[in-house]
Amino acid sequence: MTTTTTTRLLLAAILLAVAAADDDGQTLLEIKKSFRNVDNVLYDWAGDGAPRRYCSWRGVLCDNVTFAVAALNLSGLNLGGEISPAIGNLKSVESIDLKSNELSGQIPDEIGDCTSLKTLDLSSNNLGGDIPFSISKLKHLENLILKNNQLVGMIPSTLSQLPNLKILDLAQNKLNGEIPRLIYWNEVLQYLGLRSNNLEGSLSPEMCQLTGLWYFDVKNNSLTGIIPDTIGNCTSFQVLDLSYNRLTGEIPFNIGFLQVATLSLQGNNFSGPIPSVIGLMQALAVLDLSFNQLSGPIPSILGNLTYTEKLYLQGNRLTGSIPPELGNMSTLHYLELNDNQLTGFIPPELGKLTGLFDLNLANNNLEGPIPDNISSCMNLISFNAYGNKLNGTVPRSLHKLESITYLNLSSNYLSGAIPIELAKMKNLDTLDLSCNMVAGPIPSAIGSLEHLLRLNFSNNNLVGYIPAEFGNLRSIMEIDLSSNHLGGLIPQEVGMLQNLILLKLESNNITGDVSSLINCFSLNVLNVSYNNLAGIVPTDNNFSRFSPDSFLGNPGLCGYWLGSSCYSTSHVQRSSVSRSAILGIAVAGLVILLMILAAACWPHWAQVPKDVSLCKPDIHALPSSNVPPKLVILHMNMAFLVYEDIMRMTENLSEKYIIGYGASSTVYKCVLKNCKPVAIKKLYAHYPQSLKEFETELETVGSIKHRNLVSLQGYSLSPAGNLLFYDYLENGSLWDVLHAGSSKKQKLDWEARLRIALGAAQGLAYLHHDCNPRIIHRDVKSKNILLDKDYEAHLADFGIAKSLCTSKTHTSTYVMGTIGYIDPEYACTSRLNEKSDVYSYGIVLLELLTGKKPVDNECNLHHLILSKAADNTVMEMVDPDIADTCKDLGEVKKVFQLALLCSKRQPSDRPTMHEVVRVLDCLVYPDPPSKPALPPALPQSSTVPSYVNEYVSLRGGSTLSCENSSSASDAELFLKFGEVISQNTE
């Protein structure tokens, strides 16, 4: 009887659960109503909500017995709208994952009614408001992940009432107030992530009550006070990150009792000495004490840290010599001692650090020669000894550093000649020997450094000529040879350097004219003042950018820029011949005499020390020397990688992994441990003006997710090179497909081109209209439109653009962009707004329509199309691949119209990108989705992953498809701007 009763009760419970589950289908449909952008991602969420149906809907996992919703995973679908309060009706759901969408509004209080919930992940959205107190009702909750939103208010102290909470990640929000002390009494909490908020108050002595906590991160807040003396009791900590707060006092002695792998205290106001006991923390892999006010010597006992890979002590007030014992740190990869007050010699023992990637000794008071032993650091990528008192010569043995990309020995007292062996350092992208006493000629072999981006030999005693071999520096962006004794002409070969942005030759003895530079279209900074140049200063091409100050001190130069006429009457010419001849003979004799005297005195005056301090810039103006080389992961598909992993996988960014070059970066391909490929962009700029602002911008960009934008997965900033990690897209750039050689060039039919145009427009429209703050791309071009395996367009390189200010326009100090795509209004005024991007996009449309480059053999595609439009012959320019595959050439004509509208000369006459999307959307007619083969969002499993696997597997994704617009709005757009296909739109 008892067994029968029990069975009946069990069956009754199951029937009740099944009956309750019948409501889950209707609940899901109610949740869908609050979402936007659902048409192409939740297309199967339809019908009457019967159990057997909704359990097969995308992202829905049901219990095998009751058919109740057990898990809901809609991550990475770019869903907009809000979270419906109806979500509280999912009584049996154990996991809700809505991360990496565009959800806004507040977290509904009804979330507290999901009483079975174990994992709640709403990260990487735009959710605002307070964290609801109702979450404290979720007694089974193990993982609460709300990072990267816009949440405000205080952290609810009621979160301490969650007895099973193991992961609490509230990073990258706008939370304020203090960290609730009651949280520290949660016995099972293992992960506490609070970085990048506005938290105040002090570190509680009770923080070590968390006996299971291994990850404690409060980086980038406004915490004050001292590190509590009880810190030594936090024996379970593996990662302790207190960086970028306002903490003061000395580093407590008992911090040495910790067995952490990462100890990061940088960017605070700690003072006093470095505790010697830190040398006993054998588990340390990363020790970062940089950018504080620490004083005294570097403890020699730090040499005992044989497992430490990164040692950052820069930006303090450390004195004394560099301990030779640091050479015993056998696994060290990064040694940053710059911006201190260190004295003495560079220890030869540092040569034992054969695994070292980065050695930064800049801005100290080090003396003596550079030891030859440094060349034993075979894996060294960056060596910076700028701003010391080093003497002797540049070691010839440095050429053994085959992996080095960055060499800066500037602002010292180095003498002798430039070793020709430096030309063997084939991976160099930066070579800076400026502000020394280096003498003799420039070795012509330097011209063989094909990856060189920046060359600075200024403020030395160099003689001879500028080598014509510099014309082989195809990647070079900056050349500074100013303040030397160079003579001869500016080589014609230098005028062929298409990537050259800066050329400084002032204060030399250079002769001839400047006409050879007229074809350096990218040249933005030119200074040839105080030489012996003569002739006419051009006024066209790039020379329109330069002020008269660029040409001062050259009496023989003339022209419009200098306010002096290059032509005089024949009478004046004849009357001055005799006087000129006499004067010329006298001057020539004097010059010959001076040359003889100079040759006799050369060995003596070549060694006269210069005042190095005159060319030593303010260290605060060069934050790059203060950049700790850290790897920051923004999305978890790269989680638990370290910088060394990436260096190892790419063999220290070997050239064999290069897949492309850009105006601002070299691009490498790296296959991660999980076999997922990523693209690594190594930026040419080493010195962001504001490191913290730059990092904040990168983190913001990393949170931007859209189907048609290339996602920033992470970044690393260091003097060795700033690296950005992006999604890798299989089919390269649109430029490759349209213009590359036979190996990459593909035939694109009309439908594919339309979809590429629409995808790029959707990505750009999202930046202009849906980001907060809005973003101007600044360099829209076919090389920045990448194509995935299905040839869907993804807009790249939007990440480094400055966010729009609250004003309507943004004034840039220099013209950005690529020749052929630059808005003429922007080029003339440097005033930048969204319409500058619209112009560039219009040029991309012309590329798609014609298959031709924007500029080719001095032929400008835009001008050519305008002339054809004026003659009503524009259709002659259509790419043959379009003519063969397009069923309605009227569509082609409409896109020509749109391209010319986008590239109108007056910005106010151009459409917005939202309007462009509407027009293209009406031309693209995708088949209605029937039953596309889409993978389920969650594995069909009856169990929910453990909290560790759940958190490790966090990853971004996006599959947004924009809403369609009515044809009426498209017709209104064409009516608004008028027919332009037969008009000259200039």
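Placed from the backbone N, Cα and C atoms, the Cβ positions cover glycine too.
N64 (N-linked glycosylation site) carries neither a helix nor a strand DSSP state and counts as coil. If you look up Swiss-Prot, you'll see N64 (among others) marked as N-linked glycosylation site, on the strength of sequence analysis.
If you look up Swiss-Prot, you'll see 68-89 marked as repeat 'LRR 1'.
Summarising the annotation, Swiss-Prot assigns N-linked glycosylation site to N73 (among others) and lists sequence analysis as the type of evidence. According to DSSP, N73 (N-linked glycosylation site) sits within a strand segment.
When Cβ-Cβ distances below 8 Å are used as the criterion, the repeat 'LRR 2' (90-114) is approached by residues 17, 20-21, 24, 27, 35, 37, 63, 66, 68-84, 120-138, 140, 145-146, 635, 705, 770, 944, 950, 954, 956-958 of the same chain, each at least six residues removed from its ends. According to Swiss-Prot, the repeat 'LRR 2' annotation covers 90-114, on the basis of sequence analysis.
Only residues 6 or more beyond the boundaries of the repeat 'LRR 4' (139-161), in the same chain, are considered here, and those with a CB under 8 A from a CB of the stretch are 94, 99, 107, 115-133, 167-183, 185-186, 193-194, 199, 703, 947, 950-951, 954. What Swiss-Prot lists as repeat 'LRR 4' is 139-161.
According to Swiss-Prot, the N-linked glycosylation site annotation covers N220 (among others), on the basis of sequence analysis. Sequence-distant contacts of N220 (N-linked glycosylation site), defined as residues of its own chain at least six apart whose C-beta falls under 8 angstroms from its C-beta, comprise R195, S196, N197, S243, Y244, N245.
If you look up Swiss-Prot, you'll see 234-259 marked as repeat 'LRR 8', on the strength of sequence analysis. In this model, the repeat 'LRR 8' (234-259) carries an average pLDDT of 93.
Sequence-distant contacts of the repeat 'LRR 9' (261-280) (same chain, six or more residues past either end, CB-CB distance under 8 Å): 219, 238-255, 286-299, 301-305, 312-313, 315, 318, 628. Annotation comment: Swiss-Prot describes 261-280 as repeat 'LRR 9'.
The N-linked glycosylation site annotation in Swiss-Prot covers N269 (among others) and rests on sequence analysis. Non-local contacts of N269 (N-linked glycosylation site) by the CB criterion (under 8 A, 6+ apart in sequence, same chain) comprise R246, L247, T248, N292, Q293.
The repeat 'LRR 10' annotation in Swiss-Prot covers 281-304, and the record cites sequence analysis as its basis.
Among the features that Swiss-Prot reports, repeat 'LRR 11' is placed at 306-329.
What Swiss-Prot records for N328 (among others) is N-linked glycosylation site. The C-beta environment of N328 (N-linked glycosylation site), restricted to residues of the same chain at least 6 apart in sequence and closer than 8 Å, consists of G303, N304, T306, E349, K352.
The repeat 'LRR 12' annotation in Swiss-Prot covers 330-352, and the record cites sequence analysis as its basis.
Taken from Swiss-Prot, the feature repeat 'LRR 13' applies to 354-377. Counting same-chain residues at least six beyond the ends of the repeat 'LRR 13' (354-377), those with a Cβ under 8 angstroms from any Cβ of the stretch are 314, 322, 330-348, 383-395, 397-401, 408-409, 619, 625, 629, 643-644, 647, 652, 718-720.
Neighbour density for N373 (N-linked glycosylation site): within 10 A of its CB lie 18 other CB atoms from the protein chains shown. The N-linked glycosylation site annotation in Swiss-Prot covers N373 (among others).
According to Swiss-Prot, the repeat 'LRR 14' annotation covers 379-401, on the basis of sequence analysis.
Least crowded of the binding-site residues (I659, V667), judged by neighbouring Cβ atoms within 10 Å of its own Cβ: I659. Counting residue by residue with DSSP, the repeat 'LRR 14' (379-401) contains 5 helix, 6 strand, 12 coil.
For N64 (N-linked glycosylation site), the number of other Cβ atoms no farther than 10 Å from its own Cβ, over all displayed protein chains, is 11. Fewest Cβ neighbours within 10 Å among the glycosylation sites N73, N509: this applies to N509. Summarising the environment of N542 (N-linked glycosylation site), the number of other Cβ atoms within 10 Å of its Cβ, over all protein chains shown, is 19. Remote same-chain partners of the repeat 'LRR 10' (281-304), defined as residues 6 or more beyond its termini with a Cβ less than 8 Å from a stretch Cβ, comprise 243, 251, 256, 258-275, 310-329, 336-337, 342, 626, 628.
Look at the repeat 'LRR 11' (306-329): DSSP puts its residues at 5 helix, 5 strand, 14 coil. Nonlocal intrachain contacts for the repeat 'LRR 12' (330-352), taken as residues 6+ away from its ends with a CB within less than 8 angstroms of a stretch CB, comprise 290, 298, 306-324, 358-368, 370-377, 384-385, 390, 619, 625-626, 628-629, 643-644, 718. Note on the recorded positions N391, N527, S665: the fewest other CB atoms within 10 A surround the CB of N391. Between the C-alpha atoms of I659 (ATP binding site) and N73 (N-linked glycosylation site), the distance comes to 35 Å.
Here the glycosylation sites are N408, N456, and the one ringed by the most other CB atoms within 10 angstroms is N408.
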